[in-house]
Amino acid sequence: MQFAVLMGFVLAALAPMLHRWFADRTSLVLALFPGLIAAWLFSQAPMVINDGPVLLEWQWVPSLGISLTFLLDGLSLLFGLLITVIGTCVLVYAGGYLKGHPDIARFYLALMAFMVSMLGLVLADGLVTLFIFWELTSVTSYLLIGFNHADLQARKSARQGLFVTFAGGLALMAGLVMLGVASDSWSLTDIRAMETDLREHALYTPMLICLLLGAFTKSAQFPFHFWLPNAMAAPTPVSAYLHSATMVKAGIYLLARLQPELGGTSLWVGVLSVVGATTLLVGAFLAIHHTNVKKLLAYSTIMALGTLTMLLGIGTEYAMTAFVTFLLAHSMYKGALFMVAGNLDHETGTKDVTAMGGLRPLMPVTAMIALAAALSLAGVPPLFGFIGKELKFEAALGAGDYRSLLVIFAFLGAVLTIAVAAIIALRPFYGTRHHTPKAPHEAPLSMLIGPGLLSVGSIAFGIAPGAFGVNALLTSAASAVSGEPMDITLSLWYGVNLALVMSVVSLALGFLLFKYWDDVRARLSILAPAMRRGPEAGYEGLLNGMVVFSEWQTRILQNGYMRNYILVMLVVLIALIGNSILLRHSPLLAFDLDVRFHEVIVVGTMTMSALFATVTRSRLGAVVSVGIMGFSIALVFILFSAPDLGITQLLVETLTVILLVLVLFRLPRFSHLSTSLERIRDGSVAAMMGILIFLLIMTAWSIDQFESISTYMVENSAPLAYGRNIVNVILVDYRALDTLGEMFVLALAAIGVIAMLKLRHEPESPRTAAESSKSDTQEPYDG
Amino acid sequence: MVKSGTIILNTAARFLMPLQLMFSVFLLLRGHDEPGGGFIAGLVAAGAFTLYLLAFGVSATKEVLRMVDPRDLIGVGLLLGMVSVVPAWFMGQPFLTAQWWTIPVIDFKASTPLIFDIGVYLAVLGSVIGMVMALMEVDKDEP
């Protein structure tokens, strides 16, 4: 199974090629992948529901205890099915929506890669795997938001989404590491099976704060919600898939996953309930400000995400039932509504609902789909959304802490949501016809199948909640979230109770709000200046501050003068190493002066050439004298019987001199020589560096921190590595990984040099190119 | 600067280059037991080409290299370095475990470290002559 999921990445990479073969039918071919995975998940469902979680193990880095293990329990099954089924719908839809788009292949690539990452995220059992897939969804989301990369707004939004989710990702990583350390395990299954209670661990509070930051940024909770509406710059299929049905629920998934181990404390209940309820109300309130149909839906998604967080915070059995039911209901109707919004945008050429009207006769199927999905969003019986909303009210009424706050927020949120639902379902399709940029007609079949299917689901699950195994699936998922077995039986009618009264009143008020929406919006516009000071302004300020700061420190530190870089590096080295030598190891100067005559000569040559290099006014002279020093070092190596090092030093020195000459030859004469003050400064730094290195060598020589490994290498190079040249055996066998890394560094440096020199001299027009190639051929003869 | 054009250097370079290249191959192959190895051999070969470059200039050296671009040498070198990893994988051993085979008739010890060493050789050679050639071409483009 892991293999099948990972094959999705291969399929994503092949998408551009498939597009060349299948052209317009590519989306259908690609849709087979989520379709097949969904079929497999369905086939596993009875086993998971009846016999408990299934664990699919695959060792990945056994020495570190990291495995690519998939955990299939009720929760991951529910999420996996949402991802694959809605993924299939969205792929088919995207084939119609983006038909003829020049970059459609790139779109398929990113969308498939996202799908696989998201599947991996919800199926992962290991904390490390979970984190990797988590970050992959952020990256692919970035690519998809910025799909129309020629558009400045899209690029900006993509970056914003990336920054916010990556900042949260860093916190998440810290949180997961703390979780791993606290539980001494990197697997969700093991953590769940643990005896000790993580809530009493010393790391509980910091760990929870980090995990919550990760989840809240990903799932657009207040005050990090601002990136989600901006992410609507993405093509509509992406909005339907990533930014309503799947990716933004990753944070919710994580919270639900960890709720049995970490939930229930006053910190958990307080933060989740209050943040969730605030997000709910803020999302719903901001939604009615907007006339852009995608923004409306985005804010209503924020409202839904807030609801889910709030329900997890409440944590009662009712809340868990409401959580899974609302999750399923929301994914279905919101996915459908986004695709309806895409149809409207695609056919009319505008996203402004106030600019549309009377489209029902022209787009009858879309209108019906929109009506069904919006009724579910509003929570009107007998649709599935109604059950979700009833349970939500019940859960809020049954909350322990913050009960009245949650009930009021949930009620107000519901009123506003109903208005949003009415705006989307009624405004574009009824009333008088408006002139739109494009002459509207019904969307093609491929753009009706996906949303149609989801809407039919909303109706069918609502009318017969007992059928289709929905009860069993949700029971299994809710049990996984609460950590203990539960039994759910959904039904449309729970009798006349407070929740039902709230539903009816909210319906009436919501419809009233819809009636006077234009007036309300006009009045709310006085709030606009306050809106601009929201969290997004804080994000912008932070970003600008960072740019100003990095400009400042770049000007100071990276001023482009090589001598300053070297000076700074040497001073830092002197400070750090000198500090360590003087304070931690008293420098040892025990040595005997048993030197031979030829050694004195070699060292004398080195000293002389170094001195000459500092006083000469000719660059060439300096290069040559530095070269002499290098050759003397090679001589030292040979004298102390290290032929390999000696040869290497000689060769490197030769080539360095050649390269230096080639570079320095092109420089003009010195324009000015350093002043005496600068010379004193440079001289003292150089002298200190020299003394430091001297002390370092002397100290290192006389300290035995640990046993030398050279004996091992000498003894084993012939029997184990079949080589008598230990230096080479170290390079290509013992330390081959290091060498491999160095090869890449060398190659990168060379490519950097070549690119830097070549790009500057790239011919600008064909004529100059011809000229330069002409001079190429003449060159050998004219010197 | 680009090329000396003196008869002595030209003649010497013409004769020295093949010798140096042969010597570099010699160093490369004996490297596992005696002083030598891919890095040193690559530097020797780079020295050979650099001498030729100094004597005859960039275009003449490009003709000697025929179709081979130094950048390709870097690529092939890195590729060989990565390829030498693969056999250990199939044997189910940890990353980069050396594999040894003896080719029967000539009694030659073939191994993944040798493939790796050849990769080092090519990467070093390509990097150095790529840089030298790029620097010399800049010189030539100047008016």
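Our numbering is plain: 1 for the first residue shown, then up by one each step along the chain.
Each residue, glycine too, has its Cβ placed from N, Cα and C.
TrEMBL entries are annotated by machine, without manual review.
Going by TrEMBL, these are the annotated features:
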type	residues	note
TRANSMEM	A:6-22	transmembrane segment
DOMAIN	A:60-108	domain 'NADH-Ubiquinone oxidoreductase (complex I) chain 5 N-terminal'
TRANSMEM	A:107-124	transmembrane segment
DOMAIN	A:124-416	domain 'NADH:quinone oxidoreductase/Mrp antiporter transmembrane'
TRANSMEM	A:238-256	transmembrane segment
TRANSMEM	A:268-289	transmembrane segment
TRANSMEM	A:296-314	transmembrane segment
TRANSMEM	A:404-426	transmembrane segment
TRANSMEM	A:447-472	transmembrane segment
TRANSMEM	A:492-514	transmembrane segment
TRANSMEM	A:565-583	transmembrane segment
TRANSMEM	A:595-613	transmembrane segment
TRANSMEM	A:620-640	transmembrane segment
DOMAIN	A:678-764	domain 'MrpA C-terminal/MbhE'
TRANSMEM	A:739-757	transmembrane segment
REGION	A:764-783	region 'Disordered'
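Away from its own ends, the transmembrane segment (A:565-583) comes close to residues 557-558, 682, 685-686, 688-689, 692, 695-696, 699 of its chain (Cβ-Cβ under 8 Å, at least six residues beyond either end). Below 8 A, the CB atoms of the transmembrane segment (A:404-426) and the transmembrane segment (A:492-514) form 3+ pairs separated by six or more positions in the chain.
Highest Cβ pair count under 8 Å relative to the transmembrane segment (A:6-22), across stretches A:107-124, A:238-256, A:492-514, A:595-613: A:107-124. By number of Cβ pairs under 8 Å, the transmembrane segment (A:296-314) is matched best by A:238-256 from the list A:107-124, A:238-256, A:447-472, A:620-640. Here the domain 'NADH-Ubiquinone oxidoreductase (complex I) chain 5 N-terminal' (A:60-108) has, by DSSP, the following mix of helix, strand and coil residues: 32 helix, 7 strand, 10 coil. Most Cβ pairs within less than 8 Å of the transmembrane segment (A:620-640), among stretches A:268-289, A:447-472, A:595-613, A:739-757, belong to A:595-613. Taken through DSSP, the domain 'MrpA C-terminal/MbhE' (A:678-764) splits into 71 helix, 0 strand, 16 coil.
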